[in-house]
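**Q** Sending over a structure as structure tokens; questions will come in a sec.
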Amino acid sequence: MKVLRAKSAGFCWGVERAIEITRDYAHQGRKPVYTDGPLIHNRQMMEKLSEEGIREVGDYQSRANIAVNPAAPGENPVMVVRAHGISPERRNYLKSLGMDFKDATCPDVGIIAGKIRLHAKKGYATIIFGDKNHPEAIGLLGYTEGRGYCITSKADIDALPALERVCMVSQSTMFMHEFAELSEYARQKFKEVLVFDTICQATKDRQTDVVALARQGAQAIVVIGGHHSANTVKLASLARLQNLPTYHIETAAELSPEEMKKFTVIGVTAGASTPEFLISEVCAKLEAL
């Protein structure tokens with residue numbers, strides 16, 4: 001079987017950076033190291049990080065189970081903000097816990113937050129093309145000074161109140177063509193709309209590469225990554241739009257040899273939070289068929 005691997009499959013630089021920052025603290029013996037929610041949306045990678053003393057914590061409201069000594073900051077547990085970023089309010093709360101605080105927000109997400117903050121202070125409302133339940137979008141809404149709206153469709157735009165001045169951005173992992181369509185619709189709807197294309201280059205590259213796999217002769221596409229990873233789900237959706245059988249899996253164990261043997265050429269891609277070892281295992285299994 002011939003396996004066509006997408007050029008940009010796997011970790012983006014923002015995810016690599018967040019993992020490196022977190023691991024550095026763990027390897028210094030600074031344990032436990034906490035992350036505010038899952039560092040990345042990949043269960044297998046989170047399990048590996050857990051073995052290294054890196055613990056995911058949820059939306060806890062007190063210091064009850066975390067020992068902190070304000071007089072010895074260098075000896076305290078470390079709290080790492082994940083790549084998706086957080087709101088200013090959340091940042092202040094985490095800092096108030098007294099742990100050593102480290103921000104691993106992806107710089108691309110930080111740029112989006114900066115654009116929102118700047119224009120919110122100038123009186124602009126903010127429209128974010130994104131999933132209102134995704135941690136990145138939740139964090140970005142915190143910079144809008146209470147005038148932020150998450151949308152995913154023209155109907156969502158139609159439901160917005162009358163807005164005079166709008167700053168429009170995108171969650172970094174969304175579809176390029178949808179953002180272009182909705183930003184143009186917003187321009188027709190509101191008096192002044194400043195549009196900033198904030199879909200990150202890693203997302204664009206991965207989406208472009210999926211289309212390229214179809215053009216290179218792939219008869220089916222395997223997309224590797226967490227089922228809760230927004231960018232991986234988008235890749236799988238885009239692969240299906242190429243009218244190719246598409247298999248969204250997390251590990252090689254999910255591949256059905258009988259199903260895969262129907263094809264002689266298979267394209268393989270992976271989300272920005274998928275580690276290399278998972279991609280290699282899938283490619284090896286396919287090539288052995």
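Note: Cβ is positioned from N, Cα and C throughout, glycine not excepted.
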**Q** Going by Swiss-Prot, His41, His134, Ser229, Asn231, Ser273 bind isopentenyl diphosphate; tell me which of His84, His177 is listed for that site too.
**A** His84
**Q** Whole-number Å only: compute the distance from the Cα of Ser229 ((2E)-4-hydroxy-3-methylbut-2-enyl diphosphate binding site) to the Cα of Glu136 (active site, proton donor).
**A** 12
**Q** Provide the three-state secondary structure of Cys106 ([4Fe-4S] cluster binding site) computed with DSSP.
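**A** Its secondary structure by DSSP: coil.
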**Q** Would you say which of the binding-site residues His41, His134 has the most Cβ atoms within 10 Å of its own Cβ?
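**A** Of His41, His134, the one with the most crowded Cβ is His41.
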**Q** Which ones are near Cys12 ([4Fe-4S] cluster binding site): of the recorded positions His84, His134, Glu136, which have a Cα within 10 Å?
**A** none
**Q** Of His41, His84, His134, Asn231, Ser273, which binding-site residues come within 10 Å of Cys106 ([4Fe-4S] cluster binding site), going by C-alpha to C-alpha distance?
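**A** Taking His41, His84, His134, Asn231, Ser273 one by one, the ones whose Cα falls within 10 Å of Cys106 ([4Fe-4S] cluster binding site) are His84.
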